[in-house]
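Q: To start, I am sharing the structure in question, which I have written as structure tokens.
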Amino acid sequence: MIRVVVVDDEVLFREGLVELLQGDPDIDVVGQAGDGRAGVAAVQAHRPDVVLLDMQMPVMNGLDATVEIRRTNPAVAVLVLTSFQYDEYVLPALRDGAAGYLLKDSSTAELRHAVHVAAAGEAILSPAVTRRLLDALGDRLPVHDDHAHRAVDRLSARERDVLGCVTAGMSNAEVARRLYMSETTAKTHLAHAMAKLGATNRTQAAIIGFQAGLQPP
């Protein structure tokens, strides 16, 4: 059973979300909250596997709540909820360890699938969405960032090649074809790269690669 906490200040939306989630026999909504600070407390009290977190809330916004949840409960997967495809809070939240983001008009199937994927420890953004997000917010990211360059310098040549492909929005299968390796090998190189970069998910790794100016070989 996947334990979930839902945090959103819009009561009708929050209650509707809870009802949709409870329709999945493998999901148990163990807590709700109407602002970021109460959300952090709910996560602390209920120890869920996944928290669905709105970004723009009173008392404490979703970005600050993400940071606090990741600091105090790093095993909890944070899914960002937003009404906008390119919400200004989304990218910082992903950089701070959110597992991915969902638009509030997502279908019931997409919502439930995202919770299952997040609970399994995987990122919610598809490679193509990651690329679009980076493109859309590229002017807000410091390209050729010194910190990102130093981080990438710790990678092996093959790990940099894989990260360059991931930054370009390629799936693991596409990376494998591009670099003439098995998909398992591509996943292994990416996992090693993420560990060296301190990235908790694929999106964080792609952001670092983007800031370091990496491209597919």
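Yeah, the Cβs are placed from backbone N, Cα and C, and that goes for glycine too.
Feature list, courtesy of TrEMBL:
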type	residues	note
DOMAIN	3-119	domain 'Response regulatory'
MOD_RES	D54	4-aspartylphosphate
DOMAIN	148-213	domain 'HTH luxR-type'
Q: For D54 (4-aspartylphosphate), which residues in the same chain are close in space, meaning a Cβ under 8 Å from its Cβ, but six or more apart along the sequence?
A: V7, D8, D9, E10, G62, L81, T82
Q: According to DSSP, how is the domain 'HTH luxR-type' (148-213) divided among helix, strand and coil residues?
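A: Each residue of the domain 'HTH luxR-type' (148-213) counted once, the result is 49 helix, 0 strand, 17 coil.
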